[in-house]
């Protein structure tokens with residue numbers, strides 16, 4: 001699986017809809033798929049601590065670190081992720097059928113091939129991702145099978161953020177919130193709440 005992500009020939013590339021930042025879906029010649037996150041900042045570049053949360057770039061190598069940390073902790077819940085040098089022209093521009101994505105390619109003044117796609121944040125010429133001059137570092141994570149092949153359910157996190165600069169989430173103001181969650185399905189039976197806590201710990205360790 002990991003070898004496939006690193007070397008398999010790319011058949012098609014589309015931009016993934018939704019989300020705040022640029023992500024691509026790569027389809028390989030064996031019809032497997034991976035989610036690509038491009039390198040947008042250097043590894044030693046630190047985030048300004050005054051930034052509002054979620055206004056930072058998504059780091060491609062955080063996905064790789066999460067996969068290995070998950071294995072070290074024995075959770076086995078993070079899909080395989082690898083790093084790969086992607087040819088921006090041969091493996092993205094020349095094989096994409098996404099017209100909106102294709103229109104965002106350009107060549108920088110120093111001859112690097114760049115693109116920026118379309119998303120809620122950081123999808124503009126000022127925040128383009130570029131090859132050097134054509135090779136771009138990225139993370140590739142295995143996509144879960146289609147719901148028609150692997151049916152599954154989704155639950156929103158009880159401790160999700162409010163995504164508001166002025167409104168606080170209920171868990172931030174209610175001292176008895178945790179007790180109410182423990183009585184609410186599906187967290188009131190089995191190990192689901194404990195499994196969720198495992199993921200919270202993983203998320204915390206990733207951010208430290």
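A Cβ is built for glycine as well, from the same backbone N, Cα and C atoms used for every other residue.
Any TrEMBL annotation is an automated prediction that lacks curation.
Noted in TrEMBL for the protein shown:
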type	residues	note
BINDING	21, 37, 58	ATP binding site
BINDING	58	Mn(2+) binding site
DOMAIN	105-207	domain 'FAM20 C-terminal'
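On the structure: features taken from TrEMBL.
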| residue | record | Cβ within 10 Å |
| --- | --- | --- |
| 21 | ATP binding site | 18 |
| 37 | ATP binding site | 24 |
| 58 | ATP binding site | 19 |
Give me the sequence-ordered set of same-chain residues, not including 21, 37, 58, with a C-beta within 8 angstroms of the centroid of the ATP site's C-beta atoms.
19, 22, 23, 38, 40, 57, 59, 60
Please count the residues of the domain 'FAM20 C-terminal' (105-207) that DSSP assigns to helix (H, G, I), strand (E, B) and coil.
27 helix, 15 strand, 61 coil
Max CA to CA distance in Å over the ATP-binding set 21, 37, 58?
9
